[in-house]
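Peer 1: From Swiss-Prot, for reference:
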| type | residues | note |
| --- | --- | --- |
| BINDING | Gly119, Thr120, His121, Gly122, Lys123, Thr124, Thr125 | ATP binding site |
Amino acid sequence: MKDLRMVFKSRITNIHFVGIAGSGMSGIAEVLHNLGYGVSGSDISQNKITDRLKEMGCQIYYKHHQDNIKNAQAVVISSAIKDNNPEVIKAHQLNIPIVPRAEMLAELMRFRFGIAIAGTHGKTTTTSIITHILNMAELDPTYIIGGILNSSGINAKLGESDYLIAEADESDASFLHLQSMLSVITNIDHEHMATYNNDYQKLKDAFVSFSANLPFYGTCIICIDDKGVNEILSDIHRPIITYGFNNGADIQAINIKQVDMQMHFDIIYDKYTKPFPIKLNLIGKHNILNTLAAIGICCELNIKVNIIQKALANFSGVARRLDYHGKLNINNLQISLFDDYGHHPKEISAVFESLKDTYQNKRLVVIFQPHRYSRTHDLFDNFTRILSTADALILLDIYPAQEKPIAHINSSTLADAIRKYSSLNPVVIKNQKKILDILPNIVHNNDVLLTLGAGDIHTLPELLKFNYT
């Protein structure tokens, strides 16, 4: 397989990333650095990701300035970067190629055996499980994941083999750049609708186009349990393997039970003469579906069942996906702390179900930070319904993610709607540190406390552990 460096290394030696700390950007930056490119990048604040990249030898700037790109022959941007960014403006003036993140990922994948995982929910976990199994099989893949693997503390690595595993992002339709050999569609849901002119059919059509990027001998592995996926099934004209709990699935999970913090089930797949058992070191039925997708990929790669079984039994998960942070001691009350990235009602529902199944007869106390005004507006009724099922709820202000406010869409109006819908009385706060003042008055002994959201709430578990352990 031709090395990417041989293709344009003579022309492109230094690559600059605008917004390098983004989950999709940092992984590509790390792989390119390990391929031998000079990598620089800018972001508005220092964090663990920028620290890691700096330790590797990347040049990191903590503000956006035109001088940051002085040595670059290409500038990589994510969809979050606006045209008025000074580095983008300077790149235009100097006629430096401006490369969308997904186009750079596609360039990496073009010279490898690509495995692309798409879907509204479950991409990161599914990608991580596939990566873990391939590593256990000693296939040494390159991988670029939107979350941090708990086992290694990283989200990207340059492998020695031709395999490249990556998430395929539908949020800005950039997954249409990717041309893989194998692909997964986990589900299709109403999310990032502005990209598709608020037309759900256009979103579904994009997933059909994603599947069409496979070669005629490629395979698309899809969840037959999902309504949105079923609606495009007849439009996919590539070999298909289906998975799910449904009796009609090619790969089906049966005999499901939870044992402590594991899911145990059997796999039926007609490639094998009899069912084989799985012990998954994660909780939640949604994670069984993610695992079925991963099994489909790994069976296509002829990975032995015993390796798949061993890998799933010791998979340690992904940061901020039902991440257990241990016990808190709040005024001598013992509280189990979990953290999750969930920010869509369907994701939140899956997390709630998983924790309630695991901690039956215990209260679920939730601290939720809504993410984006547009999402809160579009899914307001669904948020109201799902959040009402918590036993206690603290709402932080909406994390805007560069969006402008929408009239009457805020955490206070969401709290009012929840009060009207149910008997729950949410507490609304503007400052995370205020949680330390009110939490002792909310929790009971043996409660399960969940911090939830895709914004800066990710810093809250450490604050809680610092003060309550």
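Just so it is clear, glycine is given a Cβ too, placed from its N, Cα and C backbone atoms.
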Peer 1: Beyond the listed site residues Gly119, Thr120, His121, Gly122, Lys123, Thr124, Thr125, identify every same-chain residue whose Cβ lies within 8 Å of the center of their Cβ atoms for the ATP site.
Peer 2: Ile117, Thr126, Thr186, Asn187, Asn290
Peer 1: Taking DSSP three-state, what's Gly119 (ATP binding site) in: helix, strand or coil?
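Peer 2: Assignment for Gly119 (ATP binding site) reads coil.
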Peer 1: Return the count of C-beta atoms lying within 10 angstroms of the C-beta of Thr125 (ATP binding site), excluding that atom itself.
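Peer 2: Other Cβ atoms within 10 Å of Thr125 (ATP binding site): 29.
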Peer 1: Within a 10 Å radius around the Cβ, which one of these binding-site residues has the most neighbouring Cβ atoms: Gly119, Gly122?
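Peer 2: Most Cβ neighbours within 10 Å: Gly119.
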Peer 1: Within 10 angstroms of the C-beta of His121 (ATP binding site), what count of other C-beta atoms is obtained when all protein chains are considered?
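Peer 2: Counting Cβ neighbours of His121 (ATP binding site) within 10 Å gives 21.
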Peer 1: Counting only residues 6+ away in sequence within the same chain, which have a CB under 8 Å from the CB of Lys123 (ATP binding site)?
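Peer 2: The list for Lys123 (ATP binding site) reads Ile117, Gly146, Glu167, Ala168, Asp169, Thr186, given in order along the sequence.
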Peer 1: Would you count the other C-beta atoms found within 10 angstroms of the C-beta of Thr120 (ATP binding site) for me?
Peer 2: 22
